[in-house]
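Okay, so here's the structure we're looking at.
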Amino acid sequence: MWMFSWLCAILIILAIAGMNTIAKTTPHTKFTKKSEEREMPKGLKPSSGPPPEEEETLFTEMAEMAEPITKPSALDSVFGTATLSPFENFTLDPADFFLNCCDCCSPVPGQKGEPGETGQPGPKGEAGNLGIPGPPGVVGPQGPRGYKGEKGLKGERGDQGVPGYPGKPGAQGEPGPKGDKGNIGLGGVKGQKGSKGDTCGNCTKGEKGDQGAMGSPGLHGGPGAKGEKGEMGEKGEMGDKGCCGDSGERGGKGQKGEGGMKGEKGSKGDSGMEGKSGRNGLPGAKGDPGIKGEKGELGPPGLLGPTGPKGDIGNKGVRGPTGKKGSRGFKGSKGELARVPRSAFSAGLSKPFPPPNIPIKFEKILYNDQGNYSPVTGKFNCSIPGTYVFSYHITVRGRPARISLVAQNKKQFKSRETLYGQEIDQASLLVILKLSAGDQVWLEVSKDWNGVYVSAEDDSIFTGFLLYPEETSGISP
């Protein structure tokens with residue numbers, strides 16, 4: 001019975017729904033304006049009744065923008081029972097109003113539609129802010145023991161240790177075999193010939209100037225220093241023999257005249273012809289001295305007399321005019337080379353381990369032509385002041401050696417060679433010193449540091465030579 005009532009109720013509901021569908025069907029609306037073909041907004045669903053106020057406002061704006069058309073809008077297929085624009089064409093028969101009164105009521109929400117298709121992924125969003133760092137993790141367990149590493153590089157050499165005490169001197173060794181004779185050294189290269197000095201282009205010798213006028217006699221000066229002996233003059237030619245004059249008449253006795261100046265000593269006259277012997281006459285009265293005769297011609301030069309005292313210095317004469325250029329003289333003879341002072345020596349040690357704190361005697365002379373080095377004292381004596389070069393090459397064996405170069409009574413340079421056992425080494429030095437005449441230079445070793453050695457196979461040599469002498473003028477050598 002109850003099932004029948006349910007079936008009746010279902011049929012009634014279906015009938016009412018069918019009638020409602022028929023009542024909503026209206027004739028096609030007439031359009032006076034062409035509506036723009038727009039896509040229906042998303043979310044807008046077809047409705048069976050008049051659109052709500054929001055939709056009415058939207059449709060009104062769309063209707064104002066549309067143009068008149070003769071074809072119905074494509075939206076009619078969406079809204080099958082309603083017209084979008086204009087709304088004055090919406091009609092409902094009075095007979096159907098009763099059945100359509102449900103349109104006045106609030107629409108009942110329909111069933112939930114199926115979910116739409118998944119949209120395209122949106123653009124990538126901006127990176128978010130850095131998050132707060134998390135707490136530190138728990139300490140993990142200790143890892144397994146690693147493999148053994150490779151061997152490291154060799155370390156640097158350590159500092160030299162403190163030298164030990166010197167050992168006792170060893171026993172005298174046996175003399176070694178005699179060495180072979182060395183080859184003859186090569187001769188030095190011959191020096192180049194010096195260039196000829198430049199001649200003075202404008203240094204012409206002028207002619208001798210004219211003798212100046214004789215100056216007025218000066219005041220009487222004191223006796224000058226004794227002059228140098230003059231050179232002997234050339235022998236003059238002998239003058240012609242004069243004619244024998246006539247004998248004058250005997251004059252009367254004149255008045256006694258004043259004493260005349262002493263005349264120069266004349267040369268001895270020629271011997272006259274032997275006259276005839278006269279008769280012995282009576283002695284006549286003494287006649288008066290005659291008038292002084294004229295000075296005779298200068299006779300031949302007499303013998304060179306003693307040098308007289310130096311005369312007074314006359315006034316300086318006027319400088320004569322420059323003479324004409326003289327002819328070029330003959331080329332002079334080749335001059336002698338300037339003598340260069342020399343001083344050098346080179347000597348070797350003849351006995352090993354010389355006494356300490358005294359000059360080492362290098363008795364094996366290699367060169368000492370000037371004799372400035374003394375093998376007896378072991379010292380070099382400076383005889384030429386200047387700059388010298390000194391050097392030594394010492395063989396050291398069996399013990400340390402501390403060698404000092406002494407100059408001007410002061411240890412100028414020191415060197416040390418540390419050696420022990422039977423090892424052999426060399427110590428050398430080269431130095432330049434400025435010495436004065438009388439300075440001495442030598443080598444010496446300190447106590448307990450005497451390892452200076454020499455043998456048939458090893459030498460120890462001391463050498464020195466003059467580099468250049470001291471300047472004696474304003475021009476350097």
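Cβ from N, Cα, C; glycine included.
Residue with Swiss-Prot feature N-linked glycosylation site, selected from Asn372, Asn381: Asn381. Comparing Asn89, Asn202 with the features listed in Swiss-Prot, the residue bearing the annotation N-linked glycosylation site is Asn202.
Least packed by the Cβ count within 10 Å, out of the modified residues Pro136, Pro169, Pro301, is Pro136. Residues of the compositional bias 'Basic and acidic residues' (147-159) grouped by DSSP class, helix first, strand second and coil last, total 0 helix, 0 strand, 13 coil.
Rounded to a whole value, the Cα-Cα separation of Pro169 (hydroxyproline) and Lys178 (5-hydroxylysine) is 25 Å. When the modified residues Lys178, Lys310 are compared by the number of other C-beta atoms lying within 10 angstroms of their own C-beta, Lys178 comes out lowest.
Of Pro136, Pro283, Pro301, Lys310, all annotated as modified residues, the residue with the shortest Cα distance to Lys178 (5-hydroxylysine) is Lys310.
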